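Quick one: the structure is below, questions incoming.
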Amino acid sequence: MANTVRTAYSELRHLSLLPLLWWGMAGALFISLASWGAGAKYAVNSWLVPLHLDWLRYGHGQLLCQVFFWLGILLLIINWVRLGAFLLDNDHRASLSTPAIGLVTVVWMAPFLIAGPILSRDVFSYLAQGAIQHAGASAYRVGPNILNSPGHIDPLYLEVSADWRNTTTPYGPLHLGLMELIVIITHNNIHAGVFLIKLLCMLSLVGIMWGAQDMARSLGTSPVWAIWFAGVNPLMLLHLVGGMHNEAFMVALMVVGLALALRRQHLLGIGVITLGAAIKATAFVALPFLIWIWVVHLRTDGKTQQTTALRSTSDAPATGESRGKLVGYFLATAGGGAVLSIAIFAAVSLVTGTGLGFLAALQGSGKVINWLAFPTALAHFTAMVGSHASGPSFTVTLGAARSIFSIVMGLLIILVWVHYRKTLLQALRGLTVGFLVLCFFNSLAFPWYYSWILGFVGSLALSRRAIRIIAGFCAWGCVIVLPYGIIGLYNYFWAIAALVVGLIVYWFLGRGERISALAAPAPYASEKLAETTAHGSDSTVSTTPLPAPGA
């Protein structure tokens, strides 16, 4: 390990990337130190009080912290984009190794260990849900207000965002089990509980990085680009580690499960992704696309002439015998996968004692309103027009739009699943489009929801234009959320400023010579050959760039 770190450090020094490494770390350190005055501050029992530093939470002290907070975010974004521009350079695309970019990620992530909660107060809701379970109640039936008693207000209740104090949890049984375990270990100590969740988020990001680079190796694409999107990306660092969203746990399990499936360990992959769904049900979307990965592998192993025809890019119709084999493959994989997934989920529910109450509790998240979700944006526009023509109110329009587009969303995901099925890359590209549909047409959406995609999209051999679009969106997602957790979508000046930041990133990465494709780095050619030998040859794997949806 020490030799690997020294080699990676020497590589960064040789490539003149050390300034980028240290400036990015400085940005993370600024954010971490400023978080105690500008972030999602503790309502009670802040450790700043006994140190006589409570002045950092108010007035000029808070303003000073906000200045350093935003300076840190800009430093992270700037150096991440500079690293991306370095990778896009034709002369440099094969020169950076996976350990080197992994070292950059770890160095940038390390300062967040001393940070307070930033960009969200969700971590307090998670602890409250664990406390509810530990108290013998069900977080699927009652909210954090149940922690209070006559004449006593629980300190943890005061830390929870006012929006969620009376709301049940929409998360799965494994999430509740983990939170209850943390509450037990820390004896209801809020600071210790937050710290343990932070450690889990950091370990999850390491898991995401491993899964992303392993997927890239299996697909014959660049593991460095996979980590640039999944690990060192400021959106992932800020929201999954700094904001401590449970997306970190879910995405880690999902990406590792996909990596295992690409290694032909399909049942293990299904099991790991099911555990991710037991954190947050969103991970279930990945399972049908994993079935296509399994079918492609079975088709490859068949080594028949019809298999070769199906795996070509032509649309020639299959024979009856071949269709029968395909149906058999599908029924075997889908049936076996479904049985395994249901059994694992039921076992987790039984062990944690939570049951399936989260299915009904999913409706509770609908109280959040922002126009990042298309149904909400449409309701805003319709209400604005209707206000001049005696049309329906915003509430009526929003309810109708959410109901209609929930059906549209489900149908579109099914259509995407049916369409993207012929190759490994197609299956993963389909999963990308499926998550985009889910984010776009869902009742609500937040910038960190796109971590579902960022965890693996870098392994899909993206075009330069796609990289620019995604990077611009990530920069926007870092700026649009205010330090204390409010999303600035309705502060139009702030929304425009965030958009400008995203456009600048898009422009900056478009400078220089246009590169039509990003091949796997040369140092990994022998490793790719070894992976191909281990996992089996698959002529459907191609390094031809797949443009991101909408690119």
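For all residues, glycine too, the Cβ spot is worked out from N, Cα and C.
Computed from a predicted structure; not experimentally measured.
Quick paste of what TrEMBL says about this protein:
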- 20-42: transmembrane segment (TRANSMEM)
- 63-88: transmembrane segment (TRANSMEM)
- 100-119: transmembrane segment (TRANSMEM)
- 192-212: transmembrane segment (TRANSMEM)
- 224-241: transmembrane segment (TRANSMEM)
- 248-264: transmembrane segment (TRANSMEM)
- 270-295: transmembrane segment (TRANSMEM)
- 368-387: transmembrane segment (TRANSMEM)
- 399-420: transmembrane segment (TRANSMEM)
- 432-454: transmembrane segment (TRANSMEM)
- 466-486: transmembrane segment (TRANSMEM)
- 492-509: transmembrane segment (TRANSMEM)
- 531-551: region 'Disordered' (REGION)
- 534-545: compositional bias 'Polar residues' (COMPBIAS)
For the transmembrane segment (492-509), give me same-chain residues lying six or more residues beyond its boundaries with a C-beta closer than 8 angstroms to one of its C-beta atoms, as numbers and ranges.
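Tertiary neighbours of the transmembrane segment (492-509) are 77, 81, 84-85, 88, 464, 467-469, 471-476, 478-480, 482.
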With pairs fewer than 6 apart in sequence excluded, do the transmembrane segment (20-42) and the transmembrane segment (100-119) have three or more C-beta pairs that lie under 8 Å?
yes
Under a criterion of three or more Cβ pairs within a distance under 8 Å and sequence separation of at least 6, are the transmembrane segment (270-295) and the transmembrane segment (248-264) in contact?
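Output yes: the transmembrane segment (270-295) sits against the transmembrane segment (248-264).
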Could you name the stretch, out of 63-88, 248-264, 399-420, with the greatest number of CB pairs under 8 A to the transmembrane segment (224-241)?
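Between the candidates 63-88, 248-264, 399-420, the best contact partner of the transmembrane segment (224-241) is 63-88.
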When you scan the chain for residues with a C-beta under 8 Å from the transmembrane segment (20-42), skipping those not six or more beyond its ends, what do you find?
12, 48, 53, 56-57, 61-62, 64-69, 71-76, 78-80, 82-83, 86, 103-104, 107-121, 123-124, 159, 190, 237-238, 242, 483-485
Out of 248-264, 399-420, 432-454, 466-486, what stretch is closest in contact terms to the transmembrane segment (63-88), meaning most Cβ pairs under 8 angstroms?
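The stretch I would name here is 466-486.
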Determine which recorded stretch among 368-387, 399-420, 432-454, 466-486 has the most C-beta pairs below 8 angstroms with the transmembrane segment (248-264).
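Ranked by Cβ pairs under 8 Å, first place goes to 432-454.
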